[in-house]
């Protein structure tokens, strides 16, 4: 019994599990359907075999409380209420068999958990079986498929009555995929025959042609992962029992019916079935209606009938090969083309239509692709996760190795730091040892230096004495020193082409030079009666002694020591000014007699031996054209003394004192007196190369000058034949080209080498300095305006360049070859003097050092300032001309300042915005046309419209039709208004008779009386009644009464007309007029002169009135018409030509000149009057008066302006007044610039030269003008200073007046007023020739625009435009860029071009040195501060020093 009970219990448990699994399956299908309807609304893509496993699915079941766990828990809870057990639902459904788990809860027993697991497994197994059965029933049959063969035999002892069982371990059946393999290869299963299993399979419902047996490896190789989808083709890899016939499950879905609340939404079906509805469509095209479709069908039927008829008649025949209809050979009307019909390439819409089944197939294929892609993505994601996990474990496994490597790396780093520290310590010890050794060596050098300095001072004294001595025989000195000087320290490395020549050739050359000098002397004597020199100075004892002594006293006594010895930055202009005046100019000032011997004795006393420092006077060379000033003559004497004493020197006169002419006079002196014609080499900056050539042609035309420039090919042509004797006397070359062609210049021997702007070769380490030092030259002269720089090494480089070795009394002594000693003697005391500015009390050592420096420099340096010779230079006077604004300028100025945008800009304090406002106001001040151009007014031209001609013709026809309407509509004769016709038709007798016979008046009166009586009676009856339309009798009576009233009015009017006609009277009568008529005599000729003015032709009238039209035709109409000729002259093209009337056709009238052209142009276009150009601007009004005064006084003026557009206005102004002028702006080429300046200086008829301040200042010398007019001031004051220097130069013989135009009550006057409060105008604009931002950085908006303009603005306007932290204040170039943004594009280009020209020489001298200036001595400050870290280790340091000193370290 116990066994039976157990068996029954097991059966009951198995049956319960079976029922629960079926319930579980139905539950999953229903919940799946519920979820699909909830998510996708419809069941089109519903898959009953797919159980979703997502958070949304679980959330939905929990919200609806329909989870399987909750149902089971509720049932269990009801069953266990008595026992108090509580079950908590916690079941989760997963899709995969391995992932379907039930959370174990503490409140649930193990039996319940096992039961749920078994139910879940069995339910999923049933679902897989159902899915397999459903998929096999839908496989299409294939005719060529073979029967599936069994892989493994079934045991014979199995009962055949039972259903055969196929183990999933042995066989896996796979449904053949509808889609072929991508590679085109089919899977070939491995087949094993088994008859028993074959019979069992035949008993099943499955079609054997629909199955294939594959090996396990084939399926396993396809995918290592399995993902449950609704469209997978693989069979489940589950173990199943015996294959048996299973029932088909039919699912009936009853979706809930929609609740319709609006009867309009109820669908009324016109077709009972879908098939009938689809048949109702004739064609599946929306564009074609049913009527069009029927028409198309009829056309096709008719076309088919025609083809059939053609075949029957034999006109056409059917070709079965090409399946086309061809025409027969008989001559019948050609209905078709004989050519082969091309196939239709146009795809009609009907060809692209697909049936519903094809759409479903395509959708299935597309879905399959999506499923496969999703599968691949999941596989790829799983692989990535696996790789990440693998890398993680690898990282964990290698952690120990990495730790060991890190420890090893740290140990190496510690060892490296220790090694570096030890090495650094030894380096410091080595530096300390070297410093100690240096100190010892310097101490020895100081002792030796003092001895060497005393020798140098003694040598300088001897040199100065030898320089000032008067040699009795100069030829002997020249011959004795030429050989000695040629053997300099660098002459060993030189080779001269002149060495190849024989001594005979040299002697011949000297004889030729003597002959040439004699010829030039005779020619110069004929051209000039006698050499002229300027008047002597008041001090007769002038000489080098007085100049140098005064300079020394001023330097020693003045507190500002660096003013004399330490000069500032060099001026930007490289061109030396002309220092001579032509003979023609000197003749205007007065005639000078030839200097006699007495005058020479006054200037230079005969007893020169009493003054040891006196300079021997030399005669003015006859080759020099012009007259030297006194200080220039003294410079020539000093240069000649240098030559006579075999000494080189530095001519360091201030810029503008004529270093160029002094150099030319020296070369002329050598040619005339010493018969030394060179060749001489002059090295100048590129910018003044042509200027030097012009100076030689002007003042020394007797020299043959070779200007060395051009491309390499041109320079090679210039070098051809230059080794021949007397090929040239002077060669002028730039610094850049002489370095490039230095090998050619080194091979030639030069007499004199002159370096202009020599302060630019101050870097003795540069290749340029080394190249020039090695040239084969006998003597050298340096020309510079700033010889002494703040760096003593730069001064030494110049002195060493002059005197590498010196010869005194036939002995060679070293010059300034020791830079360290030179710096040791003079560098530190002078640097200390420069740093303090001379404010500290000088000690005796410093004074002695300065005196020694003076003593060393005195023989080699000559410097004069303009302050010393200012009495010999014409004066410069500056005038401020205040100009009132014109009415138009004042209106534009005030309008701009009153704008809200301008006030907002000023209140913002933005620098660029304020500068833009300043630029606009400056334009208004210069000329209002720069701010707002006066417009050219024109009339609005109305063109002829399309309907104009037709409307004009219609109006003409209408006027002609209604021309006589006034005669027909109103008869004026009847109302007696045409009384003049009475005299022409009737006499007075007729009119009187008609008036008497007018008897109708009585009849009319009687009729009126009767009507009046009847009318009064009727009116009294119906006075208070209206027309009654209700009663027909009353209505008729009232209507007739109205009719009688109208008739009465008509009779009254006729009576009125009759009375008017009968009352006509004549004034004179026809008989009187006939008596007074006189016979008419025709005469076609009229001799009255008054009639001649009336019959003048149109052209004559216009010619006579041309003057009147020119003066008074000033009003321009607002609009004019384009066909004015047709309207005024009758030039209408619609006038039909008539030979009798003589009307000219329109085509001929068009060819005629328009006689009204002048009037039309004058009245249509109004140009501004030319005089308004002057009267619109206050500055031009002042300029007109000033130019007239200057022209009357014989002066010539230069007008400068910053803006290029102002030059255009000035051109119009000068043309209007008829002045001869020339123009030079930034667009003028450099080669044209020299031509313009020479023409202006040579032609006194040219009164004005207008220039742009941005036109560049190199090579421009306008000494022909004595007046400078600044129309406006430039942003950059250095530009204005440069403009002044173009006129106020040494070559100027007259005083220079500078006029600066300033507009009153504007920003210009405010800036000038503020500047005058701080300093004088010259100091504000010019600060040593550099651009200054002082007046910009210190001016505020209130200072610029005035207190009345910015009175209501914030406090920010009282602050400076640029703050103290602004970069523009620190860097002037940045300020220039900011100001350039507010200027016009042409002005900015001109300014940049001018700056490039000024800085072109910087490129020649821009050469970075290999090493920095200064010695390599290491001071104690160079030691690193890390020494403090080793405090307390002095014994180690002492040991290291002893170790190094004993020689063990090296």
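Yeah, the Cβs are placed from backbone N, Cα and C, and that goes for glycine too.
Computed over the domain 'HSA' (344-417), the whole-number mean pLDDT of the model equals 86. Taken from Swiss-Prot, the feature domain 'HSA' covers 344-417, and the record attributes it to sequence analysis.
The region 'Disordered' annotation in Swiss-Prot covers 469-618 (among others).
Look at Swiss-Prot and you will find 480-497 (among others) tagged as compositional bias 'Low complexity'.
Summarising the annotation, Swiss-Prot assigns compositional bias 'Acidic residues' to 498-510 (among others).
Under the heading compositional bias 'Low complexity', Swiss-Prot lists 523-540 (among others).
The compositional bias 'Low complexity' annotation in Swiss-Prot covers 549-560 (among others).
Among the features that Swiss-Prot reports, compositional bias 'Acidic residues' is placed at 578-588 (among others).
Swiss-Prot lists 640-805 with the feature domain 'Helicase ATP-binding', giving sequence analysis as the kind of evidence.
Classification of residue 677 (ATP binding site) by DSSP places it in coil, neither helical nor stranded. Residues annotated as ATP binding site in Swiss-Prot: 653-700.
Swiss-Prot lists 756-759 with the feature motif 'DEAH box'.
Summarising the annotation, Swiss-Prot assigns region 'Disordered' to 1400-1424 (among others).
The Cβ of residue 683 (ATP binding site) lies under 8 Å from the Cβ of 733, 734, 735, 738, 753, 754, 755, 756, 772, each on the same chain and at least six residues away in sequence. Residues of the domain 'HSA' (344-417) grouped by DSSP class, helix first, strand second and coil last, total 65 helix, 0 strand, 9 coil. Following the DSSP three-state reduction, the secondary structure of residue 653 (ATP binding site) is coil. Cβ-based neighbour count (10 Å, all protein chains) for residue 689 (ATP binding site) stands at 22. Secondary structure at residue 695 (ATP binding site), taken from DSSP and collapsed to helix, strand or coil, is helix. Around the Cβ of residue 653 (ATP binding site), the number of neighbouring Cβ atoms within 10 Å comes to 24.
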